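Asker: Heads up, here are the entries from TrEMBL:
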type: REGION; residues: 1-21; note: region 'Disordered'
type: COMPBIAS; residues: 11-21; note: compositional bias 'Polar residues'
type: DOMAIN; residues: 74-488; note: domain 'Major facilitator superfamily (MFS) profile'
type: TRANSMEM; residues: 141-159; note: transmembrane segment
type: TRANSMEM; residues: 171-189; note: transmembrane segment
type: TRANSMEM; residues: 201-223; note: transmembrane segment
type: TRANSMEM; residues: 235-257; note: transmembrane segment
type: TRANSMEM; residues: 311-331; note: transmembrane segment
type: TRANSMEM; residues: 343-362; note: transmembrane segment
type: TRANSMEM; residues: 374-395; note: transmembrane segment
type: TRANSMEM; residues: 401-421; note: transmembrane segment
type: TRANSMEM; residues: 433-453; note: transmembrane segment
type: TRANSMEM; residues: 465-483; note: transmembrane segment
Amino acid sequence: MPRCLGHPGTKTISSMSSRTSRGIAYERLPCEDGIDTAREGSLDSDIASPNATHDEFPDRQRVEQSLLRKVDLRMSILVLIYVLNYIDRNNAAAARLRGFEDDLHLEGQQFNTILSILYVGYTLMQVPSNMYLNKIGRPSIYLPTCMAIWGFISVLTGTTKGFLGALCTRFFLGFVEAAFFPGALFLLSKWYKRRELGQRTAILSCGIMISNAFGSLLASAILDGMDGIMGFAAWRWLFYIEGSMTICVAICAIFILPDFPTTATTCSWLTTEEQALAQLRMEEDVGEDDETEFSKGGESGLKQAFSDWKVWWLALAMAALNVLLSFNAFFPTLSATLGYSSTVSLLLCSPPWLFATRVAFLASRHSDATGERFGHIVVPLLVGIAGFMMAMATMNTAVRYLSLFLMAQSYTAFVVYWAWASNSIPHPTSKRAVALAFINAFSSLGNIVGSYVWPKSWGPSYWNSYAICIGSGALCIIMSWIFRQHLMRLNQEIEAKKIEGGLSKDFRYLL
């Protein structure tokens, strides 16, 4: 019996050669032996209806489970990359405890400038980077290449002799690191549906907290055991070793990271049924195939993103949130105010971040299950504000250490906020790529401001620093509430009209 395309026993799918129609639609045709077959058609024709979907995937649940399992396994390396991303970004804070400032003869605000200059390069590069990633469609090559470069730059930081050298390496470190986080968010949004995205974004973002926990342990081991070896100071070994680790993982990531579902190379690790379902899932989730927007080019996505006020509002809210979270870069300094040695201070950094990782994971999972975002952002922020108030009120060692736990868990708001941002800009692909990059880039201005919120002259109580963090947290909460009210109005309009802007009548913004 001849086997025809579309028969349940056949696994054949071909990709459209034109970039303007890279998805797949099916037209049912008779076969000479009486079995229906499917012919690949243009996206301009009717896309398969939900009933047709069941015809194409009679065992959809099994295929979908297999697809998600494979994608989850490959995406898991993003967590390791993000851990190394933050370790390379924040190792200057640990190096500060073992002679970084003295050896480079830093004075006044020069250390803070070295921290803040990273975010200048980080801000400049993100939007062009995501536009380029959307154009080439090969994150498996692009992201690891950027990773290897920033690992090399981190190694070079260990060779610097003064303020200017450290300033240059930190600027270019941020310039190259800018490719990763918005690119990773964009990659996740190309594979996972809205109600699957929160937990995956949370797992990725937990890389920040894991890096703070285990990065402190690693830094403690290096700084305590490598001083003077081969004539190098311990803090230089910190940059050499951690930068080299990044380069090694980058090489491995080339062979693990997936490309987009519509990229031909994806077929090498997915069956044809799984790749077709991966594309169909995204079409169902937003009610249209946003790859049809590809023909409009990257400029269209840029224009659409910048003309949507939601993008600007989210960017401002995230900037305020990053000011609150600025304590992250100074966590070893805050731990040192407890009065212990540098080694013990670094070790004490780990438990708060392990606790924060657990809280973020559980909260984001519950957020996905309930489809609610706002409350899962506000509650961690309020708890974090309570931690700031505790630290302001006393210099008692036990109370201030407890406050570090409450501060650290406020990163849960950051985790859920990124899922909310991705949900709130569902299509088209080109717009989402620019929007996510711009939000992350603009919000990095909060990191630049935050780099100057913790001067040594305000220590050891850091009362003024905590007050600034409380104010920025309150601003973020207010802006989040206004944003939620706007999404509620949009949902009411969708309900009334049944369809808006090409979105399916089943689409709703998550609140």
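Every residue number used here counts from 1 along the chain in the order it is shown.
Glycine residues also receive a Cβ, built from the backbone N, Cα and C atoms like all the rest.
Unlike curated entries, TrEMBL annotations are predicted automatically.
A description of the local structural setting of each listed feature is requested, covering burial, neighbours and distances.
Answerer: Outside the transmembrane segment (201-223), and at least 6 residues removed from its termini, the chain residues within Cβ reach (under 8 Å) are 75-76, 78-87, 90-91, 94-95, 97-98, 184-185, 188, 234-235, 237-238, 241-242, 328, 331-332, 342-343, 346-347, 349-351, 353-354, 356-357, 360-361, 363-365, 408, 411, 414-416, 418-419, 422.
Beyond the transmembrane segment (311-331), the same-chain residues lying 6 or more positions past its ends with a Cβ under 8 Å from any Cβ of the stretch are 90, 93, 115, 208, 212, 216, 305, 349, 352, 381, 384, 404, 407-408, 410-411, 413-414, 417, 420-421, 424-425, 435, 438-440, 442-447, 449-451, 453-454, 465, 468-470, 472-473, 475-476, 479-480, 482-483.
For the transmembrane segment (374-395), same-chain residues at least 6 beyond its ends with a Cβ under 8 Å from one of its own Cβ atoms are 321, 324, 334, 359, 363-364, 366-367, 402-407, 409-413, 416-417, 420, 460-463, 466-467, 469-470, 473-474, 476-477, 480-481, 484, 511.
Sequence-distant contacts of the transmembrane segment (401-421), counting only residues of its own chain at least 6 positions beyond either end whose CB sits under 8 Å from a CB of the stretch, comprise 185, 197-198, 201-202, 205-206, 208-209, 212, 314, 317-318, 321, 324-325, 327-328, 331, 334-335, 338, 348, 351-353, 355-356, 359-360, 363-364, 367-368, 373-374, 376-378, 380-381, 383-388, 390-391, 435-436, 439, 473, 476, 480, 510.
Within the chain, the transmembrane segment (433-453) has long-range Cβ neighbours (under 8 A, six or more residues past its boundaries) at 109, 112-113, 115-116, 119-120, 122-127, 129-131, 133-134, 178, 181-183, 185-186, 189, 298, 301-302, 304-306, 308, 311-312, 314-316, 318-323, 325-326, 329, 421-422, 425, 465, 468-469, 472.
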Asker: As a test: from 171-189, 235-257, 465-483, pick the stretch that has the greatest number of Cβ pairs under 8 Å with the transmembrane segment (141-159).
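Answerer: It is 235-257 that shares the most Cβ pairs under 8 Å with the transmembrane segment (141-159).
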Asker: What average pLDDT is reported by the model for the domain 'Major facilitator superfamily (MFS) profile' (74-488)?
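Answerer: Looking only at the domain 'Major facilitator superfamily (MFS) profile' (74-488), pLDDT averages out to 87.
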